[in-house]
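All remarks here apply to the structure that follows.
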């Protein structure tokens, strides 16, 4: 009898913890308020832990950096004074949004930044503490977080969309899309504004989900506060956590892998979508699943967060230069003639890469992104070439507008030792550019280094039956200047001083209307790589050396000669400006360029291109008399 009682007691002791464990598992499975995907810090487990250890759950009210969490219930006489929630201890998180916090206000016309207006912060009038906060926001984000935190995450945007877009009719049976937003330590107000603009301006029947891909953020507001805030959307917003810092390309691929929508729409984490942005994109894909579409990208000022809306007539299309850098240019005349309305979708040779929609199955058929690409850079051109050369179409849709915060620098830190953009670009060139790859290699002084195995990507191109890059240039981007037509190219060296000085653009590739200077020759190409066209232009891809009577500048090439026409004599080394008849020289210390009267024996007017094709110069009549 005693033995029987002992066995019974033992069974009870064993069954009680088993019962509680099963209960916890059941409640965790049925309380899926935060749609966290593959996370190591599941929200349900955190709430359970907080309830078992109440002191651990204490959290201060957060303003501007995360959602305020409702305070702990008051415990008196071991009794919790709160309304009982279904699901026991695993109750859904509650939110106590501070009504005085400007970022959560909705529908207040007097709110800062409404209708996309600028928020101007006079830093000189801030207290020492507020100045420190202002500076920290700038340092962490490379945009004015202080101004952003004064603007509602629900703010309204300009309503001056093109009138024709307001009456445009779209297919009634459009596919559903997953919107994928990758981020790393994005500012709270900016990230939430991006998400809310998607949720509030996309018809619910078209929005499958929003997938937030966290690329291993380490700021507190991107962790539990973000999970708890997004749980209010009932599974519409999901969070995917990367287990290590992977970069934009791999983060996007992970997002695509879990997305369930028929169409994938990619956005950056510092965007705002305008009303009616989604329907025009999905309509084009509905008509042809091999069409990849981009919205018009409006500029959100990185300092004031003013939304600059552009009209359809001024839509630009994407291009690239032989440094394999993306650029914008106006719609070519040949395409403009084929359009009946300014709001008609327009073909684009390339995409900027941050904002676009693509049929998921078609994306997979194209091989998604090159898995050998690291971090970011070059993926937009790879996808653009692949779309056009392998039977698809790439368009910009003027009735779809999304604002984007364009920063002047990147706030992110990466491991050093490898030029990631260069490595990605070499892989791109090897697979897609055919013999034209030499034009890129000349710009990096033919220093290729280790770019990995590309055999699988070449096989992909072969299996897809893609066209040649020459076909792409002839049919999709005939406006691009081809370096093979150059009379001379490479560095432009002057040896009057030592070390020798080279003509140097001294600005970023996309910066124009800036002075040209000289710098010690470095042999790396880049800012010192120039081309002399058959028309006498000294080109840096789409920029030309221009002289209008004051400084020697780089301006966008206009193809009309004039101030951009130069006559080069390789024998004497003179670069003579056709209009002014002056010659390009430099000061005695080699520090500055100057335009002076031509003198045959002046070594400071003696310039040598690294490569010169005399036969081509004679052929095009580009060789002036000595």
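Each Cβ is built from the backbone N, Cα and C atoms, and glycine gets one as well.
Model, not experiment: these values are computed from the prediction.
So that you can see what the record holds, here are the features copied from Swiss-Prot:
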- 268, 270, 404: Mn(2+) binding site (BINDING)
- 174-284: region 'Catalytic subdomain A' (REGION)
- 1-11: topological domain 'Cytoplasmic' (TOPO_DOM)
- 12-31: transmembrane segment (TRANSMEM)
Most Cβ neighbours inside 10 Å, all chains, among the binding-site residues 270, 404: 270
Per-state residue totals over the region 'Catalytic subdomain A' (174-284) - DSSP helix, strand, coil: 48 helix, 28 strand, 35 coil
Residue 268 (Mn(2+) binding site), number of other Cβ atoms within 10 Å: 19
Confidence summary for the topological domain 'Cytoplasmic' (1-11), mean pLDDT rounded: 48
Residues close to Mn(2+) site centre defined by 268, 270, 404, Cβ within 8 Å: 194, 267, 269, 271, 300, 354, 355, 403, 405, 406
